[in-house]
Amino acid sequence: MSLHQFLLEPITCHAWNKDLTQIAISPNNHEVHIYKNSGNQWVKCHELKEHNGHITGIDWAPKSDRIVTCGADRNAYVWSQKDGVWKPTLVILRINRAATFVKWSPLENKFAVGSGARLISVCYFESENDWWVSKHIKKPIRSTVLSLDWHPNNVLLAAGSCDFKTRVFSAYIKEVDEKPASTPWGSKMPFGQMMAEFGGVSSGGWVHSVSFSASGNKLAWVSHDSTVSVADASKNMSVSQLKTEFLPLLSVIFVSENSLIAAGHDCCPMLFTYDEQGSLTFVSKLDIPKQSTQRNISAMERFRNMDKRATTEDRNTTLETLHQNSITQVSIYDGDKTDCRKFCTTGIDGAMTIWDFKTLESYIQGLRIM
């Protein structure tokens, strides 16, 4: 496990470049800071300043090396690097509320932006006019879209929103996509077609995060009522739901076809598995508890406490987890959704942690990634 404290401010979101030498983070404001790995240090090498509202989403395309950002200013920008300088291109989102989330498609020829305008902007590059344009998916979304994830076929798009529902839409754009093959989610995929809908008003909560499995047949999501759910399209859209005893989870991602990692307000990542019988099970918290020791507080810590907690005393508010506040995002660091070897978390404590499954397996008895 390696933990790096970037900031005192929360890290809103992050994204890695292809070779994992650079990470782009938003320090809870209108900027994106890019840090480069230099030995054991992370050195700030770029600041992207074009938004005039809080940045809410970052994604870094591994093949084309382009960054897309979105923010509360209702804008999205595609950033391309030329001669060592990042240049922004404005995207026409056509929304009247804040953008909340952004994600490149697997082929990197389009991206999707969720927003408070109760719609999803699917954006693609129009070469004749040399600009990024968008098409809207509106119905039947009834509230803010909080999270998105692309199916491996580059066409289907999962969305979690504040109306307690998780939906799968077709984001097929004839200008850039080849006609998609049939999937367990359906065969006819005109743009905006809703392929599936899960959840309801009677139960559930805001859907904070969604994730397709590597095959695209399974879809996981976490809600504000502390539930983890998995829908399996290959099993007639059957849904398995696990009501956990934990605080709400904010981020979820598949780390193998049947295992997923989720994290949130409990400040540590957790492993869940989904078996062939359609049963969803909590396996373990993936944290190594710190040894609590009594010690004298240094002058440096006294000043840090004044900044962080508005107090000069050491009241032993330190959590036993590595992260000292809620985890806001989980991402794969080494490997992919078929076989993840390391994953990364960032949180409100301004820290970034890289977790190694091999190290975790040696500490946690009986831990195996299925």
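The chain as shown is numbered from 1 upward.
Here the Cβ of each residue, glycine as well, is placed from N, Cα and C on the backbone.
Feature annotations, courtesy of Swiss-Prot:
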- 6-45: repeat 'WD 1' (REPEAT)
- 50-89: repeat 'WD 2' (REPEAT)
- 140-179: repeat 'WD 3' (REPEAT)
- 202-241: repeat 'WD 4' (REPEAT)
- 244-284: repeat 'WD 5' (REPEAT)
- 322-365: repeat 'WD 6' (REPEAT)
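Counting Cβ pairs under 8 Å to the repeat 'WD 1' (6-45), the stretch among 140-179, 244-284, 322-365 with the most such contacts is 322-365. Within the chain carrying the repeat 'WD 5' (244-284), a Cβ under 8 angstroms from the stretch's Cβ atoms is held by residues 205, 208-215, 218, 220-230, 232, 235, 238, 319, 321-332, 335, 337-340, 343, 345, 347, 355, 357, 364, 367, 369-370, all 6 or more beyond its ends. Taken residue by residue, the repeat 'WD 4' (202-241) breaks down under DSSP into 3 helix, 22 strand, 15 coil. Averaged across the repeat 'WD 2' (50-89), pLDDT in this predicted model comes to 97.
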